[in-house]
Amino acid sequence: MITVLGLGFVGLTTALGFSKKGFKVYGIDVDAARVESIRRYEVPFYEPHLEDALREELGHNFVVDASLEEAVNDSRAVIICVGTPGLPDGQANLAYLLDAVREVFAVSDADYRVLVVKSTVPPSTVARAVQPFVAELSQQYGKQLGLASNPEFLREGHAWNDFMHPDRVVVGVQDEAAKEVLAELYLPFNAPVHFVDFSTAEFVKYLSNTLLSTLVSFANEMAMIAHHIGGIDVPAAFQLLHQDRRWSGTPAAMASYVFPGCGYGGYCLPKDTAALNSIAQTHGYQPKMLPANLQINEDIKDFVVEQIAAQVTPQQRIGILGLSFKSGSDDVRLSPSRAIIEKLRARGYTRIVAYDPMANEVFARETQLPIAYADSLPELVEQVDALVLLTSWPEFRQRRELLASKPLFDFRYALTEQQVQHPPLVPLAR
Ligand SMILES: NC(=O)c1ccc[n+]([C@@H]2O[C@H](COP(=O)([O-])OP(=O)(O)OC[C@H]3O[C@@H](n4cnc5c(N)ncnc54)[C@H](O)[C@@H]3O)[C@@H](O)[C@H]2O)c1
């Protein structure tokens, strides 16, 4: 049994979705007019398929005329779907969410149940605001409630299908009991359910939405640049961009660009990004994203150096793993490794040994940097105090036990065990 608090786009869809999957669901909303409309089988906003689901479920598994107390005490999970509107300073307004938590505590009996935060809240909100609030209320009311963070990825206009057929379900939990309840809720959906910690779950939602907003702004900045340069068929150019085969496939190869590391390098991306930024200005348009893009590519290298400097002293010997700008290439032009080694040297780190399966010689020749080189991975590992992985060569993944014998900075996140499995490959329709 489930209670859903807040019957807006997310809440009503969630309530009807779980109801359709066979759970008894109580829907609660503080807006009496909204509840009245739902009672009349009228969805208070436009969303395809919801009206049909409402007709099927209301009076069957879905109940809207129970009191909050009745609903909560008959539920194993209370899913909070109230609004989290933006405040003028950009912060999320958590007042509705915290009010809802308090209301649940006020009526809940002593049985264990889980409060599920489905409203979108910025990363760290559950850990830093909701969890302490729950601990305080637990003391005050003498009850223990479990806590889970379960961001929702549905799109308005596709809410029903997105909810009923999720590509993945993300759940932040801390205790086994809450995990069990959430696993049971999503079992009928036959979708991968990934359990992570609270803040990671929250962050995934913001990764998703800010990537989308960044892509939209990127496209709009590009369109403005194109109009300033003139003579460019903007829609044709974007349609041709979409023909890149890296957009398709499962997972699409484009995903490898949306993964953190220590910066882009090589012959093309740095100079081409700088050149478009420059020609736009020649034509009277000052780009905003391109300079930010270039600046972030510098900042990430400073970040890497700061991380090393926080844990390694200049007297210690550093082993650099990887010199080429990406694996599978011996190109060292504008390689992040070069900039990072130069920055380390500028901070007094002079005891540097490097190893690259392909690019030792070309790097030495091109950069003339006064560092030492190792001919093999074991030779490098043996003589250093800390390892710094800067290029994700397969050899490094294959020898992860050897690398683990020394303190290791994996700035490409190349050695982390893959926690999230990609869905099985689906053959492309021809
Ligand atoms: N709309 C979307 O496409 C979408 C998608 C994913 C996530 N989200 C997130 O989900 C959350 C809800 O979004 P929405 O679009 O459904 O909001 P909404 O404004 O449509 O609905 C929120 C509902 O909560 C009710 N409510 C407020 N306080 C309550 C309380 N104490 N008890 C019971 N009901 C209460 C309100 O009356 C309202 O009906 C937000 O955090 C939003 O960011 C929205």
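Cβ coordinates come from backbone N, Cα and C, glycine included.
Keep in mind that TrEMBL annotations are predicted by a computer and have not been checked by a curator.
Per TrEMBL, the features are as follows:
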{"type": "BINDING", "residues": "ASP29, ARG34, THR84, THR120, GLU156, LYS271, ARG333", "note": "NAD(+) binding site"}
{"type": "BINDING", "residues": "PHE153, LEU154, ARG155, GLU156, LYS205, TYR257, VAL258, PHE259, PRO260, GLY261, GLY265, LYS326", "note": "substrate binding site"}
{"type": "ACT_SITE", "residues": "CYS268", "note": "active site, nucleophile"}
{"type": "DOMAIN", "residues": "319-417", "note": "domain 'UDP-glucose/GDP-mannose dehydrogenase C-terminal'"}
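The Cα of LYS271 (NAD(+) binding site) lies closest to that of GLY265, out of the binding-site residues PHE153, ARG155, LYS205, VAL258, GLY265. Within 10 Å of its Cβ, the residue among the binding-site residues LYS205, ARG333 with the fewest other Cβ atoms is ARG333. Residue counts for the domain 'UDP-glucose/GDP-mannose dehydrogenase C-terminal' (319-417) under DSSP, helix first, then strand, then coil, are 35 helix, 16 strand, 48 coil. Checking each of the recorded positions (ARG155, LYS205, VAL258, CYS268) against THR120 (NAD(+) binding site), the C-alpha distance stays within 10 Å for LYS205. A helical conformation is recorded for LYS205 (substrate binding site) in the three-state DSSP classification. Rounded to a whole number, the C-alpha distance linking THR84 (NAD(+) binding site) with LYS205 (substrate binding site) is 14 angstrom.
Comparing the Cα of the residue listed as 'active site, nucleophile' with the Cα of every entry in ASP29, ARG34, LYS205, these being the binding-site residues, the smallest distance points to LYS205. Looking only at the domain 'UDP-glucose/GDP-mannose dehydrogenase C-terminal' (319-417), the predicted model's pLDDT averages out at 97. Checking the binding-site residues THR84, LYS205, GLY265 against ligand 1 with a 6 Å cutoff on the Cβ atom leaves THR84, in sequence order. In this structure, GLU156 (NAD(+) binding site) belongs to neither helix nor strand by DSSP; it is coil. Calculated from their C-alpha atoms, the gap between ARG333 (NAD(+) binding site) and GLY265 (substrate binding site) amounts to 7 Å. When Cα-Cα distances from ARG34 (NAD(+) binding site) are compared across the binding-site residues PHE153, LYS205, PRO260, the shortest belongs to PHE153. Put simply, GLU156 (NAD(+) binding site) is 15 Å from LYS205 (substrate binding site) when counted between their Cα atoms. Around PHE153 (substrate binding site), the C-beta neighbours below 8 angstroms that are at least 6 residues distant in the chain are ASP162, PRO166, ASP167, LYS205, SER208.
The distance from the Cα of ARG155 (substrate binding site) to the Cα of ASP29 (NAD(+) binding site) comes to 21 Å.
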